[in-house]
Each structure stands twice: as structure tokens, then as C-alpha cells.
Ligand code: G4P
């Protein structure tokens, strides 16, 4: 099945650069616990916007892509999504940039960084399971940055918890005001349709052959008699009663509270069967935040600023296994990117010409025609761009807040073939720059230590080093369990620490000092003994 050029590609080509730049932007991600339905929802959103022609294509293409790409075999074997990418689609006069994130918690760091590049997130919840641990963790990351959340309660076509129970759980666990925007007649066997409180109409579920969206019926309220004429009487009665109660009990939608991250609009639906998708897009379009100011030194950057600024939130190597490429994903924060323009990289101050910036239409890549605040572009490079780099047309801006997290697992690396030291070192350095691993070079001894958040990252490291760099790695236990970045206001204090604890000292991939410690107890002791030193579990990349 071939993906034909979607409507956006056509619009861009016919309307040209100006039409493209003038579209409003909504840049968002989907967060969820694995299996809640993120992939299915992505597909439904693209389908609803006409960006793919058949639901199922994203998955089919994903499978083909995986089959082509060797290192992604890990993904295939384990049935998880490791990499994150971008999908852009148009609906009306809005351009949606959807940033995909890995679902598995071992790759959460990648997800955290991706969330720094969005203005809004959709939180998908399985109606039968409610809020699951990974959803909660990701939500907390959104909360740190006050990212507004739209909640999508998925799988209402299946038996699940009651809508009231789900809303109360969201409100209680996440400490958010909830505002239902549609209401199901019931869940599972009782699902006969969704009343859309915004459109004031009922989307009838056609249950004659499976459960598919049928017609829209205008209805002034959940108790409009017109509803009883189109769905079974008991379903209509339940909608009138429960929907009425819900309207009376939960918050009314308040755009300012939503945009401040205090209130979440909730949509009930089914990603698989296409319910609630249009409503979700309506909310994002009508009330979702446009590109927001981004935290930076010396001052935050407003999207209205004329000069181009952006930051790298992700680097992905070898997206196309036939060409050893490396793509830096850049969130544009202000100004306009045009092909061929020169920008400065804040790290090192070197100029960089953007000859082949890429944009991502649905799942296709194309040369960028021009990108504006809120857009994501891919910049092919040979290792010059790193996660956390700031690109500017001019001026001295440095974007802040892109986190590196202290690893939870530390391993010594050993080579099976000692002749491949060079390849191994290059591979490790590359993957550390990509943000896949932390790399620590101890002050004493030559055995490098790698740090990861989850075991699966070690699998990815092993597979990629072998397949992309020809170096077969073994991992050995490391004597350390804890790594912390160390700094001091007074350089003399840091020097004292470095000399006293030389055998514990290391540098990370950027040469920043790190203290490696045997366990939490030793960590506590050192913190007590060295009050002038700050031990940090998170490091900002810029
Ligand atoms: P994820 O990306 O969040 O991990 O979830 P994914 O979309 O892969 O969905 C997980 C499972 O839930 C899939 O079933 C999918 O078909 C199912 N699902 C998603 N949305 C809905 C929905 O609205 N209703 C129902 N009934 N099921 C839904 P699977 O059997 O694991 O995979 P598959 O073989 O169907 O692809």
C-alpha cells in the first residue's frame, strides 16, 4: 500500500511557502501507558485529517519500516516502539505537528525531552484500566512545564469503568479539574453513541455490523426527545440521566484554566472505531494553545520574535539504514526557517548552513519549504548537532530546560574483539550524543562506564553498536550504583573533591564532572561530608 501525497503536500506545493507559513500551528504529543491505544489514536487522527487514506496505514508502514531497519528488530521482537518521530497534517487552516513518543518506560528520557518541544498533550486512558503508572509519570513531566492536557478516554466500545469513576479518578489522582466535552450513552454493550456537548449533537453508533460511527443527530441537550428516536429507549434514558448529572457535577470548560494546565477537557471515544476523534481535533483547533514562549537565557523567546531560533530535542541516527544519516529534530521557537539559510550553534558558536532541512508530512519526509514557530524540522548532519543545542539566526540565546537524567543502571563495557576499540569508542560517543545512553570516562583506569535508565536501553546499545559500528560489546557489573553530576560555586571546592575522591571521579560525554558512588548510603555520606558541593540527578543540556 502506497501513501500518496497527502493534501498538505499538495497545499504546500500549490499554495506555496506563504500559504504554508500562514497556517496556525498546534504542536502536541500523545502520552499514555503502553496498550492504551496511542498508535491506534495516531492513526485515527491522521485518517480523520485525510493525511493517510486508510486507517491501518501508519501501522502497515511502521511494520515495513521496521522490517527494513535491522536495529529496530528489537522493537519488533519486543513489540514496543523505541523511536520517536514527527507527523504533520493539516485540517482546515490549522497545521498539526504530532510528536510521537516511545511508550516503553525504559525510553522515558526520550519522551521527557520530546515533551519539552510541545505546547499541548493528549493523555490517552484505557476506559477499563484508568490511570496507569506510565501515564501518571508522563503527566508529572507535563505538569512541571504546565503543558495543557486533553484527556481521551479510549475503548468505550468495550466494557470498562463508569465514566463517573474515570473522571473522579483523573481529578483525584492528577489533581486536575475535569470537564467532560462529550458523554457516552454507556460503556461496552450499552454504547450506542456519544453526545457532543460542544456541537450539541449525538453521534449515533451504528451497531448493525460491528460498532461504527453512524449519523449525527442534532439535539439541544442530553435529554432532547430527538435522541430517543434514534437509539434504544434505555440508552436514551441513561444518557439523559447520567449526562445531566455529569453536566451538573463537573467543571465547565474554561480555556484559560486549560491553557494554564489546571483543567483537562475529557473526550470519551474509541480510537479503533473512530469515535471522539473529530471532537479531539475540534478542541485542539479551537482551544489548544498556539506556539508558546520558550524558556531561554538571557530571556524567554516569544514566538513573535522575527529572528529564527530553535533547539534540538532529539537526535536520531540511521533513520534510513541505506544511508548512514543522523537527523537532529529541531523545534522552531521563533522566526522563519528557509532552506539554505545560515544559523549559529550556541555550543561552540559555529555557523551551520541548513541545506536540506526536512519536514514530516504524515509519515513521509520532504524537503522543508519553510518552517515557523511550533514546527519541527529534521536537520541531517554528521554529528555536529547534539541534543540541547540552540540554533539562532543571530544573537545570544540559549534555550534551557532540556534534561539529562542520572542513570539508574551503570555497567562497564568490554569489547569481545579488542581490535575494534576505535569503532566502539566512536559508537558510544555517538549514542551518548544522541541521548540514548550516558557515557562516563573514569578519571582512573580506561574502562568506560555506560549509564541507562532501563535495561532495554542496554539491548539497544548492544544491537546498534554491533550493527552500525561492527563492535560487539559485553557488559560487566560496575562497582557503582549511583552517579551524580557535581558542581560547586567555588572552583577550589570542586578541585578538593576531585583530588580527595579521585577513584570515584569521572567525566560525562560533555566533560562535565560526575561522581560515581557504590550505593545510596555512600551517596548520603558524601553529601554530608561535602556540603559545598551540589550533587545533581538532573543536568540541563545547555
Ligand atoms: P499503544 O500504542 O498505546 O501501545 O496501543 P495500541 O494502539 O497498539 O493499542 C493496543 C491495543 O488496544 C490494540 O489491540 C488495539 O487494537 C486496541 N485498541 C485501541 N483502541 C481501541 C478501541 O478504541 N477499542 C478497542 N476495543 N480496542 C482498541 P491488540 O489486540 O493488542 O493489537 P492489534 O492486534 O489489534 O493491533
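Residue 1 is the first one shown; counting continues down the chain.
Yeah, the Cβs are placed from backbone N, Cα and C, and that goes for glycine too.
Worth saying up front: this structure is predicted, and the values here are computed from it rather than measured.
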Do you know which of 266-285, 286-305, 306-325 TrEMBL annotates as region 'Disordered'?
286-305
Among 32, 35, 38, 101, 156, the binding-site residues whose C-beta sits under 6 Å from ligand 1:
32, 35, 38
Let me know the most crowded of the binding-site residues, choosing from 32, 35, 38, 101, 156 and counting other Cβ atoms within 10 Å.
156
What does DSSP say about residue 38 (GTP binding site): helix, strand or coil?
helix
Per DSSP, what is the residue tally for the compositional bias 'Pro residues' (288-303) in helix, strand and coil?
0 helix, 4 strand, 12 coil
